[in-house]
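*Asks:* If you scroll down you'll find the structure; I have some questions about it.
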Amino acid sequence: MALQARWFVGFGLLALVLVGIQWAVGWSTLLAPWRAIPPTALAFAALLTLGSYAARALRLYDYFLPGTRGGFAACLKLTLLHNLLNNFLPMRTGEVSFPVLMARYFATPLATSLAALLWFRLMDLHALAAVALLAIGGRWLDVGWAGLLTAFWLSLPWWLFQLRPTRALAKFGERLPTRWQERLAGARHGLPQTPTAFWRAWFWTQLNWLVKLAVFAWILRLFAAMPGAAAVMGAIGGDLTSILPVHGIAGAGTYEAGVVAALAPFGVAPTAALTAAVNLHLFMLGLSLVGGALALWLRRDLHATAMLRHG
């Protein structure tokens with residue numbers, strides 16, 4: 001889809017959401033419950049969410065060691081900016097910021113950063129599925145079977161790593177022209193090289209999503225009555241919409257649709273689900289802006305060596 005068309009679709013979805021919510025619920029009614037939330041509880045939820053961003057920054061820092069040593073500030077800045085752009089730009093165009101910022105802060109080759117981003121996204125999807133199994137596996141399976149299935153699912157990335165994909169890529173590259181061999185070598189460097197690198201990235205991924213989904217599920221339950229498992233699935237449903245080919249500006253419309261669709265099997269009324277979804281989305285966007293402001297406060301416009309020295 002052309003860039004202009006993406007922006008047109010994004011603004012169209014945003015306008016439809018703003019008008020549709022006013023017609024279906026009313027913005028004043030939808031936002032009213034925020035006044036009843038204790039400020040301390042809301043601040044704690046915000047701090048936990050920002051903590052999940054820090055876990056993602058630690059994943060990045062650990063993954064690219066020793067090249068990132070001393071540069072956690074740069075990793076945090078990159079993570080916050082990447083998150084902000086991903087959440088506000090349409091059609092996942094914010095993903096482009098990751099390789100751009102990796103090249104700027106750490107002089108990372110494009111092929112390496114793209115391979116790492118793909119691996120991160122696969123781990124993210126794997127973590128979301130694992131939490132979903134924990135949340136709702138018992139609804140259809142015996143608790144023991146659900147636990148075994150979850151344990152098996154959690155072990156899958158390790159078995160994939162044991163297949164040594166970097167070696168397979170190296171053998172495949174031997175048949176390619178020299179130019180493509182060099183690019184493939186860069187991609188191999190973006191994949192986990194050692195068991196330690198794998199497990200540390202896996203740990204930070206799980207921690208990030210457990211904290212983030214717990215907070216988002218709590219926010220949903222503030223605005224609509226629902227079981228805890230339903231709230232977790234609603235939070236997952238909203239996040240999964242980010243991989244859709246059609247994704248509005250700031251996720252407007254698609255994020256809410258994902259949350260409402262995930263809550264529907266649990267019998268949550270559509271109006272209540274929409275109210276909870278919109279308010280969760282506003283909370284998420286607000287924290288993205290706070291994170292972006294924090295990123296601007298961190299040291300910027302430094303070359304990689306200077307960032308590593310002073311970060």
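Placed from the backbone N, Cα and C atoms, the Cβ positions cover glycine too.
Those TrEMBL annotations? Automatic predictions, nothing curated.
Worth saying up front: this structure is predicted, and the values here are computed from it rather than measured.
The transmembrane segment annotation in TrEMBL covers 7-25, 37-58, 101-120, 127-154, 209-236, 248-268, 280-298.
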*Asks:* Is it the case that the transmembrane segment (280-298) and the transmembrane segment (209-236) touch, counting contact as three or more CB pairs under 8 Å in which the residues of each pair are 6 or more positions apart?
*Replies:* yes
*Asks:* When you scan the chain for residues with a C-beta under 8 Å from the transmembrane segment (37-58), skipping those not six or more beyond its ends, what do you find?
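*Replies:* Long-range Cβ neighbours of the transmembrane segment (37-58): 72, 75-76, 78-80, 83, 204, 207-209, 211-212, 214-215, 218-219, 222, 283-284, 287, 290-291, 294.
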